[in-house]
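Inspection log for the structure reproduced underneath, given as structure tokens.
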Amino acid sequence: MAETNNNKRVTFRLKSEKKKGLALLIYDLKQPKLIPVKLLTFIILSGVGVLLPFTTIHMKSLGMTFKEVGAIYGVSSIAAILSPFIIGLIADKLGNFKVLMSAVHALLGIIALLFLTVPAGKTWHFYPDTMTFALGCSDSNSDYLNSASLSLTDLDSNPCQVQSNWIRGNLNNISVLLEECGYVCYDQPSDVIKEVIEPNQSLPIVAVKNVVLPKMEFREAVFFPNFWNLDMTCSPTRIGQDVCVLNRQNNASETSTAVNTTLGLDFFSESVNAKGSFPVTWMIMEDGANSGQKKKNFQCGTYGADEKLHQTVYFKDSNQAGNNRAVYQFCRPQCIVRINRFDLCSDMVREDVFNPQLTFWLYMGLRLIFDILLGGLDLFVGASVALVSELGGDYGFQRMFGYIGIAVFSPISGVLIDQFSEDDSILGNTRPAFYLFAGLFGTAAVGMLTINLDFKRPAENLLSDVKSLLKNVELDLLLIVAFVSGICNGHGFYYLFLFLEEIGGNSSLMGLSTTFQCLTVIPLLLFSDRIFRKLSHPNVQVICFAVNVVRLIGYSYLHNPHLCLLFESLDAISWNFARTSHVAYANQLGTTSTVASIQGLLGGLTFGLGFGVGSSGGSLLIGAYGQRVTFRILGGISFITGLFYFLFNFFYLRPKNTKTMESAEAVNQNEMVSETISSLSSNGGSS
């Protein structure tokens, strides 16, 4: 009989003790009530991962400034703080937690699609990196300064604002690439051609000779290669100055070789603005006998017996019967020249402005509603944590499935953004990310109807409940740590992809970086329970801050975008694992009746206030100091917070926990003694 009682007592103790290590994971997997939690966590975090990191890129693509982006994040952070309590009140009145959560996820998917209807306030388009010019002789009645007979004519359709430092000087040099030569035919109205033809009646009316199919087409011109090279012969005159005669030299091989050339241009000529032509005052060719020599005083020489370059005019009458808008082609022997746009122009992009105010306020309204609903997801987290604790499972294990979802879907989102992005747009086409988000959250809306979670309202009496919670100093420090962690990681969450784009990264790399982050955190989450027990949550937080310092300072010196994969692996520790520790530690400090209130407060401070300060304050820092300095400032904040929490843990928490453990051991020993005496007494009585 005594043996039976002992067995019962041992059995009771085993059931009350939470499983550890591999046994805990196996037990967690076998719990049927936790399977919907795992699936929904997978879907929800997948949706968050495919969209939210790209929202800043989407706002910038709509033409918003960093100040406007920061203002939107600042307002939305307030909504994120209040939303768990607002939605909790609605759930309490509604009385049906599943229906409310389903409606929240469905509305989030719908609003994500509504973001795509916001019109762009500004759009930008990259100009090509190189500009194309035609180098050739000008008309005999040229109005160029210094009587220059050689000019550089812009063939591109994009405007060019000449660099201001070049406008200050009269003569300037620019490096160009002299390519193949041939005929450049310009589209001109018929009256312009007649003015050229009438003084030269000896020219044929229709003549286009030695041309092949068009090689290149430009704004108002077509280039026909003719396989000849530009030749320059210089000789002294009676007054002692060299005169350089330009000729066309036949190229027997019918292949052209690009020649590096330096030109001296006159930027003050009237033709620069009127015709897009730059008079050439001197030239240095890195080819031939005169290689490296500075030549000027150009004259157009001869090609053949009786043709001069500046007099050779080819045209084709394209007039049709009854058409009064005839266009003629005016052709000249010229060479194609390539110039780096950065060397000549100050404008590298074209900005089209529409209605920025309309864009800002429409986006602000949608984002406010979106973040209110998104903050309601903390209710799902609170209910999940309560269920996991009740069943003796591991919350980190549930969250691991969410990171698996991010690892799978985030690179898909990045690849789709790259595939659907236009070549001439500065920022990628983020529409696929919104479609993926809507699809995933629509699926989650249906899944919410199948889950069996009891609603845990954040607070019966908000003010009194929060006041009682804040009396715990250990919890207060955790909330401060979570707030600072939200600031540092919230900034990276919203602005990291913009930084990667600035240094040459594409959306595929951005999605892959998120995958690396999630793959790194998965092993940590598998053994999170053991890590938390061995190291304690405060020590884990200190380590996470130390890793975050390395990550942020490293980003401030990053120039190769592919190295972000290394730093995002560190982010798995500094943010993902830290966030899991926040939730588990807060749950440990609370009770079943206060878990929802604690999780709501923790989520509001982390994602609402922390992310809000990190995003809005970060936008101001970026505008004032740039991305790199901002990373260093946040790295300093992480270092100071981690050091303070380490000292707090070492001088306060460890002695306190030691005393608590000693008291608990003494109580356990007394209980064991009492149980033993009681058992002996009962055994004696029964015998």
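Cβ coordinates come from backbone N, Cα and C, glycine included.
TrEMBL does not curate its annotations; it predicts them automatically.
Taken together, the residues in the domain 'Major facilitator superfamily associated' (37-632) have a mean pLDDT of 77 on the 0 to 100 scale. Under the heading domain 'Major facilitator superfamily associated', TrEMBL lists 37-632.
Counting same-chain residues at least six beyond the ends of the transmembrane segment (39-59), those with a Cβ under 8 angstroms from any Cβ of the stretch are 68-69, 72, 105, 112, 115, 363, 377, 380, 384, 398-399, 401-406, 408-410, 412-413, 417, 427-428, 430, 433-434, 436-437, 440-441, 443-444, 447-448, 451, 493-498, 501, 507, 510, 514, 518. What TrEMBL records for 39-59 (among others) is transmembrane segment.
Under the heading transmembrane segment, TrEMBL lists 71-91 (among others).
The transmembrane segment annotation in TrEMBL covers 103-121 (among others).
Look at TrEMBL and you will find 360-388 (among others) tagged as transmembrane segment.
According to TrEMBL, the transmembrane segment annotation covers 400-421 (among others). Residues 38-39, 41-51, 53-54, 428-433, 436, 440, 506-512, 514-515, 517-519, 521-522, 525-526, 576 of the same chain lie 6+ residues outside the transmembrane segment (400-421) yet bring a C-beta within less than 8 angstroms of a C-beta in it.
Residues annotated as transmembrane segment in TrEMBL: 433-455 (among others).
Remote same-chain residues near the transmembrane segment (475-497) are listed as 52-57, 73, 469, 505, 507, 510, 537, 541, 544-545, 548, 552, 555, 564, 571, 574-575, 578-579, 582, 585-586, 589-590, 598, 601-602, 605-607, 609-615, 617-619, 622, 627, 630, 634, 637-638, 641, 645, 648 (criterion: CB distance under 8 Å, separation of at least six residues from the stretch ends). Annotation source TrEMBL lists transmembrane segment at 475-497 (among others).
Positions annotated as transmembrane segment by TrEMBL: 509-527 (among others).
Remote same-chain residues near the transmembrane segment (601-625) are listed as 65-67, 69-71, 73-74, 76-84, 375, 378, 381, 458, 466, 469, 478-479, 482-495, 579, 582-583, 586, 633-634 (criterion: CB distance under 8 Å, separation of at least six residues from the stretch ends). The transmembrane segment annotation in TrEMBL covers 601-625 (among others).
Sequence annotations record features per position, and here TrEMBL assigns transmembrane segment to 631-653 (among others). Long-range Cβ contacts of the transmembrane segment (631-653) within its own chain (Cβ-Cβ under 8 Å, at least 6 residues beyond either end) map to 473-474, 477, 480-481, 484, 487-488, 491-492, 536, 538-539, 541-542, 544-546, 548-549, 552-553, 555-556, 574, 614, 618, 621, 625.
Residues 59, 64, 97, 100, 104, 360, 363-364, 367-368, 370-376, 378-379, 455, 457-459, 462, 494, 596, 600, 603-605, 607-609, 611-613, 615-616, 619 of the same chain, all 6+ positions outside the transmembrane segment (71-91), place their C-beta atoms under 8 angstroms from a C-beta of that stretch.
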